[in-house]
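Here is what TrEMBL says about this protein:
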- B:10-522: domain 'Cytochrome oxidase subunit I profile' (DOMAIN)
- B:30-49: transmembrane segment (TRANSMEM)
- B:69-93: transmembrane segment (TRANSMEM)
- B:105-129: transmembrane segment (TRANSMEM)
- B:154-180: transmembrane segment (TRANSMEM)
- B:192-219: transmembrane segment (TRANSMEM)
- B:239-263: transmembrane segment (TRANSMEM)
- B:275-296: transmembrane segment (TRANSMEM)
- B:308-333: transmembrane segment (TRANSMEM)
- B:379-401: transmembrane segment (TRANSMEM)
- B:462-484: transmembrane segment (TRANSMEM)
- B:554-572: transmembrane segment (TRANSMEM)
- B:578-596: transmembrane segment (TRANSMEM)
Amino acid sequence: MSHDHSLNPETMPQEPEKATLEGKNKFLGLWFFLGGETVLFASLFGTYLALRNSTANGPTAQDLFGLELVFIMTMLLLTSSLTSVYAMYHMKNNDFKKMQLWLGITAFLGIGFLACEIYEFYHYIHEYEFTFRSSAFGSAFYTLVGFHGGHVAFGLSWLIAIMVRNAKRGLNLYNAPKYYTFSLYWHFIDVVWVFIFTVVYLMGKVG
Amino acid sequence: MSIAAAQKKGFGAFIWDYLTTVDHKKIAHLYLVGGGFFFLLGGLEAMFIRIQLIKPENDFLSAGLYNEMITMHGTTMIFLAAMPLLIGLMNAIMPLQIGARDVAFPFLNSLGFWLFMFGGILLNCSWFLGGAPDAGWTSYTPLSTQSPGHGVDFYVLGLQISGAGTLMGGINFLVTIVTMRAPGMTYMRMPLFTWTTFVTSVLILFAFPALTVGLFLLMFDRMFGSAFFDVALGGNAVIWQHLFWIFGHPEVYILILPAFGVFSDILSTFSKKRLFGYTAMVFATILIAFLGFMVWAHHMFTVGLGPVANAIFAIATMAIAVPTGIKIFNWLATMWGGSITINSAMLWSLAFIPSFTIGGMTGVMLASAVADYQYHDTYFVVAHFHYVIVGGVVFGILAALHYWWPKLFGKILNEAMGKWAFWLFFIGFHLTFFIQHFLGLMGMPRRYWVFLEDQGLDTGNLVSTIGALLMGLGGLIFVINIIYTAFKGENASGDPWDGRTLEWAIPSPPPFYNFKQTPLVRGLDPLWIEKTEGKGEMTGAEPIGDIHMPDGSILPFIMSIGFFIAGFGFIYQTDQKAWLLAVFAGMGIALLCMLIRSLKDYHGYHITKEELEREAD
Amino acid sequence: MPDNTNTNSFQKQKNKDEMKKQLISFALMIGFTIIAFAIVAAEVMDKMFAVPLLLVLAVVQVAFQFYYFMHMKDRGHEFPAMMIYGGVWAAVLTIAALVAIVWW
Amino acid sequence: MKGWMGKVKSVFLLSLLALVLAGCGKENLTAFVPKGYGAESSMNLIILSSLIMLFVFIIVFLVYVITLVRFRKKKGQEDFVPKQVEGNKTLETVWTVIPIILVLVLAVPTVAATFDLADESGAKDGINIDVTGNQYWWHFSYAGEEIQTSQDLYIPTGEKVYLNMQSSDVIHSLWVPSISGKMDVSPENENTMYIEANEEGVYWGKCAELCGPSHSLMDFKVVAVSPEEYEQWVEEMKKVDPEAQPQDAVAQDGKAAFEENNCMSCHAIGSSPAAVGPNLTNFGDRSKIAGILEPTKENLVQWIRDPESIKPGNKMTGNYPELSEEEASNIAEYLLQLQPSEITPESAGN
Ligand code: HEA
Ligand code: HEA
Ligand code: CUA
Ligand SMILES: [Cu+2]
């Protein structure tokens, strides 16, 4: 009954992530968690929207935001969403090597995104003296975007941990759910980012 | 670990067993002990409050201490007593009711408990470290951001940590109910307690994140100089109120719905009838939960949101009377035509009906926005919510404890003491809180450290205090009953009450794998069906076979200690940056545990068929 | 179990088709993103129109993520879908509260 | 509707009167005896909702008692197994529909009253008073007249008085139970409400939102006088000369001490808007010291020397030099002589 053995194409079920009870549980548990995360981010978005004009004579959204960097970040994260889809595609086809490869690309893109974000924050703080404490707008901006960044960072550590852990073992029914739940989480992060670039940056630019 | 080895062990092994357990029944014990302890603490705080208010301008407590007392009373009772006791009951009973061997995430279950426990301990450490939080359990900004000392910091981190535990509990129950029901246990055959566990968990899932965010914002403002609630920098204090109540109102249904489930099961068992209007009961539960998300601003009628918002929220709030009424009448109809046995469990349930009805109706009175301009923040509100909380939730917990004690611990609570405790508590309860409705309208706002002489408030407060002391006495007898039962109690059979649901189909206390064979469910009240059709016991849905059990783990305990340490670090780094070390160390411990957890494989172990068969005789 | 496994050529084909759909949705998402950025960068549109349009574009994109990338449209996703709808419902209320009635 | 409501109301009020006479509730404090527009509005709804609730409770309780009496397990019938009833459509419909109707009956007047009390269309031409809530005292600034008072709010009877309220620190809530419901006073937004007193009198006001240790001591008074008296009071208040020397020597010493001991940095006499502490222009007319103490000299001396013992956490403590008994006593004498007007809480019936 142990699910530990590496799978060969003969024994690979169609949905390895949900083939065991543990897998099913993880799958549902993560989805439910995402339901909760929706409210979490909604509360942050709501706070941001309520405070986005409370700049207390500090820099405003129009002063700060540049579209180029945000566009690059968006492309990085969106693409990483696609690469993780590819990874899951190869998981279904039981091609462990390709799965790891695509996940590696995902991680790479994620790191790129995070680097851009760090650069962006650094830039605001040093060029504009716009900090967490400048105004209610500053607090809300860094909190919302920072929470998302924190999620990305956590996702990356998670991804790297399972990739390294399973590198030598290959795919099995015990770790397939872990990969799959990671990919769901990663997509969700992308969803949040879509709203961030829309609500924070684009709407901020529009005014 | 084989079954026999579990019997005789030293004290150290006993403790170790509980620290590492992932068995839902043992975790339930932990929750009950933890929640019970905090309930006593909260009760003690209530006694101090009432003693302070026994006469006008009393000086039993100082002004600052009084505010700490009410804040800790409210916070402790809601977050550390009522909720954990309910979660404990859910843990103990829900898996049994659906015929499961365990919950979906045993590890998370244990982690949830330890987070709750260490969050609670962290919060209460404030008493010894310069003062407890003093801005009310609602912690309205900017009072809470301006509150000096570290009191409110303890509130923020204590609740953040224990809240994370609760959220895990909620997700765990949801997945358990979705994936682990026994064959034949369809959704519309689940006992009401399981249903309310399910709906409550949904509420937890959607309500707690708002609190999480609120607490983060408060934490950032207090500890890292952000400006969410700082008017000078453009902040807005009302954001906190919205976030708090978007969480807070669903929270009160998180408390009451499980109690509703308890009463549904008990009333039907002791009336020997199936629950009247089962389908309506289920839908009423869901409807209450749904509406519960749309009414939070009824706590904010006097904030000045304007007439449109006030009118909408007034009507939405009143609407909840309808599904709740459906429940009340269905319970009455369940008893109607039945054969009613009255014992302690039933006494608490019967007392619930009129008491809660009063509380619910004062709730509807509060919902009438313009009337609330008078009631708001007075003792009328205090009376309302103690009627629903004590008369609903606390009665529910006590009823459940009497009802399921045999299942939990294999002993029956003493009936005579049960009745004494009940009557004292019941009479004390009405004495304490009924008169508070009038006190409120007579001009006594809540959270008043003293009331002045010559305002006509003396008699009412005296009566209220006397009532509270009676409740204290009742509580004391209940505690004595527990101790007495532990040593001298009558042993219980598997089915002492002629029960109807699956938990009564197995021995008391249940073996750690619960069901030797997963039962086959053939309808609502499965055990009752088997009884009336002459068999008297459940049929297995599968032949006896190996049972897969999860591994115990100490990681949840250590991880929670990590967060606990980090909590202290966060609180004190405002005084001294060196405390950041504690933050890093604590978080490091927690993250390391997470890493170990995800890198190490946990395959559990199997109880073999042979062992099970040996056990049978 | 055999027809449940992925050696099944029918299954393989299905996975491929699925992947194709996902590629298309990715292309659309990128497209929407570019449109959104273009609207803002070009500064041609009035705020009154731009903001709702941006929001619509975002919602559509997110729907792609959920339904295609995360398979919420597939069988066996009834509960996930329910929970996300529930979360969205609570989210909408929360945002409405904080946007509309905080500054009353 | 009106007549019917009126009758019910008078019966209800009579029984309430009995309650009040029995020692429950202090006149001009209790919400049970409304003496102003807002309080009456609320009271109507309180009565209506109480009646609905009484009706529901009686039904529930009757069914409950009958059930318990009739269906308790009987001796000798221990084995009786009742019929397992699944439900009953008609019954279930009845107890869904009736509560809906009852709720609607309550909802309609609630909405009407909510909009009525929020109607501020008269504010432009009416009397406007700016209210500031402070940890633990109230300040009132009469718009259009150069008048400031603290702790005592003067209003004319029979007229809507519009209050524009804001806090200088944390959230407070202004409540005068017998003439009006409450409204929060918050630091970021100005909240408005109107109050209207039907009869002359001095009404107790309270702070209803937790605002710190002395939240329970943040009382104030609403002094409702006839419109003519109000006019007179306004005139007299305007005439106050902050520099005026008191008559007797003790009070003169007191004035000097008041000026020497830093009191003026927080307290103003006259119409200059004081920020940190209460305006003391008509201090001698007050019915209470600091909102709660009887206005005797001993009490005042104690307040001046050690306010902390009276209102824990107040913002006066420790911000001025320590005073000797004599200095304090002189200051007290001076302050108690600040009586600019004939129209006082006493004359209004306290
Ligand atoms: C278990 C907890 C619990 C429960 C179940 C409820 C239930 C309800 N509550 Fe309560 N409430 C609290 C806990 C709870 N409350 C707490 C803790 C506070 C204060 C928080 C704080 O400020 O610290 C509070 C405060 C509170 C307020 C704000 C008061 C204020 O601060 O000014 C309001 C206002 O509308 C309110 C309304 C209601 C209503 C309408 C219900 C309804 O759900 C009740 C429905 C039930 C019935 C109506 C009875 C049965 C029905 C019938 C028999 C049918 C027929 C009935 C009719 C036709 C009316 N509650
Ligand atoms: C679950 C919630 C809960 C419960 C049960 C209670 C129970 C009680 N409460 Fe309280 N209360 C609140 C929640 C609760 N309260 C909240 C949220 C507030 C608002 C706080 C704020 O303003 O911020 C409040 C405020 C509040 C006030 C108003 C304070 C003020 O505004 O100034 C008062 C005053 O009388 C009061 C009294 C009491 C009393 C006498 C009890 C009694 O019923 C207590 C009786 C209990 C005991 C004496 C303990 C008995 C022990 C046992 C039975 C042992 C069990 C052991 C095991 C299982 C092992 N409470
Ligand atoms: Cu001001 Cu309470
Ligand atoms: Cu509520």
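From the backbone N, Cα and C atoms, a Cβ is placed for every residue, glycine too.
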Other parts of the chain folded back onto the transmembrane segment (B:192-219), taken as Cβ under 8 Å at six or more residues beyond its ends: 86, 90, 93-94, 97-98, 139, 141, 144-145, 152-153, 156-157, 159-160, 163-164, 166-167, 169-171, 173-174, 177, 226, 228-229, 239-240, 243-244, 246-248, 250-251, 253-254, 257-258, 260-262, 264-265, 275, 278, 281-282, 285-286, 289, 292-293, 570
Averaged pLDDT, computed only over the residues in the domain 'Cytochrome oxidase subunit I profile' (B:10-522): 95
Residues from the same chain, set at least six apart from the ends of the transmembrane segment (B:578-596), whose C-beta lies under 8 A from its own: 555-556, 558-559, 561-572
Chain residues in Cβ proximity to the transmembrane segment (B:275-296) (below 8 Å; excluding those fewer than six residues from its ends, i.e. six or more beyond): 188, 192, 195-196, 199-200, 202-203, 206-207, 242, 245-246, 248-250, 252-253, 257, 260-261, 264, 267-268, 313, 316-317, 319-320, 323-324, 326-327, 330-331, 333-334, 336, 524
The transmembrane segment (B:554-572) in contact with the transmembrane segment (B:308-333), cutoff 8 A, at least 3 CB pairs, sep 6+: no
Dominant neighbour of the transmembrane segment (B:462-484) in B:30-49, B:154-180, B:239-263, B:308-333, B:379-401, by Cβ pairs under 8 Å: B:30-49
Any contact, the transmembrane segment (B:154-180) to the transmembrane segment (B:105-129), with at least 3 Cβ pairs under 8 A: yes
Interface present between the transmembrane segment (B:105-129) and the transmembrane segment (B:239-263) (three or more C-beta pairs under 8 A): no
Positions whose Cβ lies under 8 angstroms from the transmembrane segment (B:379-401), at least six residues beyond its ends: 32, 77, 82, 85-86, 89, 252, 255-256, 258-260, 262-263, 266, 345-346, 348-349, 351-352, 355-356, 358-360, 362-363, 366, 413, 422, 425, 429, 432-434, 436-437, 439-441, 444-446, 478
